C-alpha cells in the first residue's frame, strides 16, 4: 500500500508538472500536493525556525527540512486566493473579489493600505483601471520611518513606483523582464528563479496573485526604490569601492559594466583589498591578465538577488570557474564563508553585493600561493626550506608535484641534502596538464631525473605517487596534488633489492637461481619481494626445501605492466592473501612491493 501511495504521488507530481507554466507555479503545485490531506486549497509552507520567513516548499526543501541551512517547521495555510470557512475543512472559499484598496486589507497588507490613504492614492486604486501593485508587507515598512514621515507627494511617488499600469500575474513575471512603473515610467526589474523564488528589484514576492476587480496584488518583503544607474556608476560613486574602481579601469572592464547585461558582482571593499599582502596585491595590479581574471572571478554571468538563495549552488563566473553561492540563516555566503557585508544594491544591468574579503582565483596565483592555500602546506614549507622559493613565486613555466600533508606523517622533515635533492625532483621543467599526460610518458625534473607516467583504470600516477585532486592552474605554472612523497627510480629491480638490507636473503636466492640478468634487463616488472623476515618466519623444513629448489622463487616475478598500489593510508593491499607491507618501491624496469610472508599460488577450487 505504501508503494502505491508513493507511486500515486509521483504520478501526480509528473502530471501536474507538465501543467506548471513557471518555476513558481511548479513549487506552488508541489505545496498543494503536500497540503491536500488537510483539505481543499491548502498549501504546505516551510517556516524557518526563529524567523518570520516562509516559503512554498519544493521537493528538495521538503525532504531536507532546511532552508539556508536552518531547520524549518512545516505549516499548512490557505493557498493564494482562498480562505477558511468556520466548521469546514481546509480553505473552501475564494477570497472576495474587491478593489485593490480593499484587497490590501483582506490579505493583511494593512500598512500599505494605510499609507495609500495618507498619500491620497486610495481613490486611484479603488477606481477603474487594471493595475499590478507590489505591496510591501507590514514588516517591510518598519525600517522606513523616514520615508513615510515625509510629505505626501514623496510617499505617493514611492507607492506609484510599486505599481504597473496593467494586470501581471506570476506567470507574466518572466525572468529578466522589466516593466515601466507608474512613477516616471522608471522600470521595475523581475527575476524568476528555477527554485520558484520571484523577486522585483530584489524584493521577494511572499504572497502572489491576489486578484482584485481592478488589478492584482503581490505582497513583497521590502519597500523597493527606483533604479537609474548601471553597476559601473554605482561603483564610481561609492567611496568604499575606491580600489575596486581603480582596478576595473586598469583591467579595461569599465565598458562591460556600463553595457546592457544581467550580472552579479561581489564587490570587494577597500578593506578587502587591504587584507591582501602588499606584494601580492602589487603583483596582481601590475599584471593585466591576472587582474582581469581576479575581477572576472567576482562577477557571475547571471543576476542573483540574495532572496533567491535558499541553499548552496555552484554558479559560473566570467572568469570561467565557479563560486559556491549559498546562505547560512540570514547570512549570504561565498564558498562557505559569510563575507557579504551589504546585499542587493541593484543597477539597471546587475546587482552588487559587497564583500570584505578578496576572492583570488587560482589563475591569478603563483605556485607558492596555490600551495599555501590548499592541503599541501607541509610541502610548501619544505620547498621554502630547500631553497626552491624562486621557482615557486616567479613566472617560470613549471609543474609542481605537491604531496598531501598526510603524506609526511611518520616521516622525518629534516632538511638533509637527500631531502633537498628529492624535493628538487618534485618540480617538472615544463607546464603540464594532467589531461594531456599519457602512459609511458617521461617528464624531466629540475634535478635532471626522468619520471614516468602510469595510467591505470582509476588512477593517474607519476612513478609511485598518484594525482589525488584536480590540477591547480596558476598564473604561470601548474600544481598536481599527489598522494605520497614521490620516489624517483634508483636503478633496476636488482639494484633496488641489493641496496636494501631487508632483501639480503632474497638477493642470495635470486643470484643462485640465475635470475640476476632478468631483473637487470629492460622491462616492466612487478616484484612481490619477500623480506628477510618472510624467510625467517618459514618452518625450517620448508625453508630447507626452498633453498634446495630455488627456481620456485620465480612465482614472485610477473613480467607485465607495472602495477602500483595507490592505496589510502591505514588500508592494506593483499596479493594471494598475503599483505603488502611496503608498496611502490620504484625501479627503472619495474616496481617492488615488500611482503613479510612468502607468496604462494592459490589452489584452484
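Backbone N, Cα and C atoms are what each Cβ position is placed from, and that goes for glycine too.
Please treat TrEMBL annotations as automatic predictions, because they have not gone through curation.
Record features (TrEMBL):
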DOMAIN    39-93  domain 'EMI'
DOMAIN    94-224  domain 'FAS1'
DOMAIN    228-359  domain 'FAS1'
DOMAIN    363-486  domain 'FAS1'
DOMAIN    490-599  domain 'FAS1'
SIGNAL    1-19  signal peptide
Task: Please spell out the DSSP helix, strand and coil residue counts for the domain 'FAS1' (228-359).
output: 48 helix, 39 strand, 45 coil
- prompt: Within the domain 'FAS1' (363-486), how many residues are helix, strand or coil going by DSSP?
  reply: 37 helix, 30 strand, 57 coil
- line: Using DSSP three-state counts, the residues of the domain 'EMI' (39-93) come to 6 helix, 24 strand, 25 coil
